[in-house]
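These features come from TrEMBL:
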| type | residues | note |
| --- | --- | --- |
| TRANSMEM | 78-98 | transmembrane segment |
| DOMAIN | 112-201 | domain 'FecR protein' |
| DOMAIN | 254-321 | domain 'Protein FecR C-terminal' |
Amino acid sequence: MPNQQNSEIENLAEKLLNNTITPEEFKQLEGWYAEVPDNAPVWKLDDDNKEQLQQRLFNSINSKIKTPQVLKSSRWKYYAAAASLAIVSTVGILLWQFNGKENQIVQLVETSTSGKITKIHLPDHSIVWLKGNSRLDYPSKFSDSTRNVVLHGEALFEVAKDKLHPFVIQTGKYVARVLGTSFNINENAQAFKLTVLTGKVAVSAAKHDAKLAAPVIVTPGNEFEVVNPAQPARVVVAPVADKVLILHGTEYDMNFESVSFDEVRQRIEKKFNVQIVADKALYASCAISADLTDQSLETTLKLVSSSINAKFSINKDQITLTGGGECN
């Protein structure tokens, strides 16, 4: 029976790819997805076809939403739009079946609506603040060689340091490649701007472009920008106003000067989505002066615990501080 169901679902997925699926069949596919348990195995694909078929499904769903003239009814538009996030954001449940559940990788999609900032913690512990009207595509687990994501819109990246696994951001026309740094990317169909806060970023054209024949290395405090397609790319000093705007609404800035332990604790909890368990009375007199900007959670905890003579332990999302305190 499971094999028969898998065959039916595969047939419906193929119809979706071929633009021959009916509204009723799509509703059946959507209903099956809603009931399937997380990480449930469906069918296997060989390695050569996984990425290709996933991209075909992604493009198919997007085309159905963006080109209403090919849709048979307004109801079909509703089904396509309603199920697009459900299927695209966890398309691996349909298509990426590896050897065992523990090795399964799914493709995830995060979006941010107008005027909102969505914070995303990536599998490598990098943090992304996705700005309004933007989208980030990324895997539930990065590959053994690179850390690849796709950005549509604007985002501030705080990339975890890993010299063996470059972090690659694909946008419409440009590709940014880093090892561990922080920077902001703002891209659309006409313009592109990359502002580097720390580290170095190599920017190259996604496709052959005579205006950008070789990668450009952008250093801290500088911006790589393309105002419009008719003008060549240039690297300029980032205005202070740009930096202020980039950091607004994020928890990126973690530079403290004589700040109470309790305030620092709350800022750490908010940035890293963790809970810090500590005796507040013990550390009430402690003031912390430290620049924790662009630091990992572990490094942040080491610096803070050292400044208050405490020890820390980590258990999943809970951090416990003990000892020390009674600061003068």
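Backbone N, Cα and C define each Cβ position, glycine as well.
The residues of the domain 'FecR protein' (112-201), classed with DSSP into helix (H, G, I), strand (E, B) and coil, number 0 helix, 49 strand, 41 coil. With helix defined as DSSP H, G or I and strand as E or B, the domain 'Protein FecR C-terminal' (254-321) counts 23 helix, 23 strand, 22 coil.
Within the model, the domain 'FecR protein' (112-201) carries an average pLDDT of 94.
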